[in-house]
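Some features that Swiss-Prot has for this protein:
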- 1-113: topological domain 'Cytoplasmic' (TOPO_DOM)
- 1-23: region 'Disordered' (REGION)
- 11-21: compositional bias 'Basic and acidic residues' (COMPBIAS)
- 114-134: transmembrane segment (TRANSMEM)
- 135-139: topological domain 'Vacuolar' (TOPO_DOM)
- 140-160: transmembrane segment (TRANSMEM)
- 161-186: topological domain 'Cytoplasmic' (TOPO_DOM)
- 187-207: transmembrane segment (TRANSMEM)
- 208-214: topological domain 'Vacuolar' (TOPO_DOM)
- 215-235: transmembrane segment (TRANSMEM)
- 236-259: topological domain 'Cytoplasmic' (TOPO_DOM)
- 260-280: transmembrane segment (TRANSMEM)
- 284-304: transmembrane segment (TRANSMEM)
- 305-393: topological domain 'Cytoplasmic' (TOPO_DOM)
Amino acid sequence: MERSISFNPRGDNELPDDRSSDVGYAANDRRLAYSRSFQQSHGPRTPAVTEAAKPFLDRTVSSIDMPPDIYSVDGSDVFFGEGKDVDMAKVSVLEMVWEVFGVVTSGNRQMKRLFLLIALNVLYSTTELSIGIFTGRVGLVSDAFHLTFGCGLLTFSLFAMATSRKKPDHAYSYGYKRLEVLSAFTNALFLMFMSFSLAVEALHAFIQDESEHKHYLIVSAVTNLLVNLLGVWFFRNYARVNIAYRKAEDMNYHSVCLHVISDSIRSAGLILASWLLSLGVENAEVLCLGLVSVTVFMLVMPLFKATGGVLLQMAPPNIPSSALSKCLRQITSREDVTEVLQARFWEVVPGHTVGSLRLQVKSGIDERPLLQYVYDVYHDLGVQDLTLQTDYT
């Protein structure tokens, strides 16, 4: 017989965190949920359509009292106490944008600063694109498209900041915090691509022996540098290569800061190359573009690895593997535990670690002391949500 238990020793009326505070008691709380499977003595056969063929444990005859409005009883798709008047399919894109704009205007200082930075970049890129089209200068048009794409990524970061404030629902039971991790990963991926493109541009300049800068590109680089330096000052608290991420928004803020820093380095590289060319230094453009490419790559790689690890549900980096192994040895050493069959731990977002453990225990034991012990062991490591499955020998 198997039993799967999501265990928490706190009182029944105390929620583990704020993820269920808006949906009522036990809306997405699995502490008291369990499932059983029985080994049948007979072989496989075609089930008969009779009353006796119904499952031994049936949801319709469950003795667990569920609060109203948590599960639908009329076949509709309304769950977790959302109310039947909510229809997400009818929400228009304009209403969603307006809602996000309202959250931004009433949000924290970082969100308002990012909104101002995006507005400045949009104004500058639009002006640069217009001048490039009317004057026929392809360099300005190309740089304007680069800035526009960067504005799109910053807008996605702002959207993630606003949306992550939404409370969990039936579709996203863990909430929307991971959207900020996805936004940070997208920014890091874009910067990695920018580093690669700069390296290709440097190689092309070396092969073609192009060593001439146009003055209007220098003016564009100086203006872009000034705008990005304002963004660096806005997010100066995250102007580091390695950061201990304690929350999902730390990753997002860090990615925004690295985005504007990388753009600033790119603009500074163009200005430096033009100055060196004016001094008669050969291959100055190749040298500067190569240095910028390597610098951006080294800046972004730690963020790229951290966000990718969270999205791939890697083992939590804040918990040493030796500590997890020690906990497994402590659990296995108990007399009522035969074997630890499976142990999985990962981060939903930075600061929220979950785990799943499958234990083989001796039949006829009292599970409560064992569950309490296992919970205490992993809770001390920082595992917030722990699901246990027990198999009897």
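Every residue, even glycine, has its Cβ placed from backbone N, Cα and C.
Non-local neighbours of the transmembrane segment (215-235) in the same chain are 110, 113-114, 116-117, 120-121, 124, 128, 137, 139-140, 143, 147, 253, 256-257, 260-261, 263-264, 267-268, 270-271, 274; each lies 6+ residues outside the stretch with a CB under 8 Å from one of its CB atoms. Between the transmembrane segment (187-207) and the stretches 114-134, 140-160, 260-280, 284-304, Cβ pairs under 8 Å are most numerous for 284-304. Along the topological domain 'Vacuolar' (208-214), the predicted structure has mean pLDDT 64.
Listed by sequence, the residues of this chain that lie at least six past the ends of the transmembrane segment (114-134) yet keep a Cβ under 8 A from its Cβ atoms are 104, 140-141, 143-145, 147-148, 150-151, 154-155, 157-158, 161, 220, 223-224, 227, 230-231, 234, 256, 260. Remote same-chain residues near the transmembrane segment (284-304) are listed as 184-185, 187-189, 191-192, 194-196, 198-199, 201-203, 205-206, 210-211, 213, 241-242, 251, 254-255, 258, 261-262, 265-266, 268-270, 272-273, 276-277 (criterion: CB distance under 8 Å, separation of at least six residues from the stretch ends).
Listed as Cβ neighbours of the topological domain 'Cytoplasmic' (236-259) (distance under 8 Å, sequence separation of 6 or more from its ends, same chain) are residues 110, 114, 150, 153-154, 157, 160-161, 164, 177-178, 180-181, 183-185, 187-188, 190-191, 298-300, 302-303, 306-307, 310, 349-351. Here the transmembrane segment (260-280) has long-range neighbours at 117, 150, 191, 194-195, 198, 211-213, 217-218, 221-222, 224-225, 228-229, 231-232, 235, 239, 287-289, 291-292, 295-296, 299-300, meaning same-chain residues at least 6 beyond its ends whose C-beta is under 8 angstroms from one of its own.
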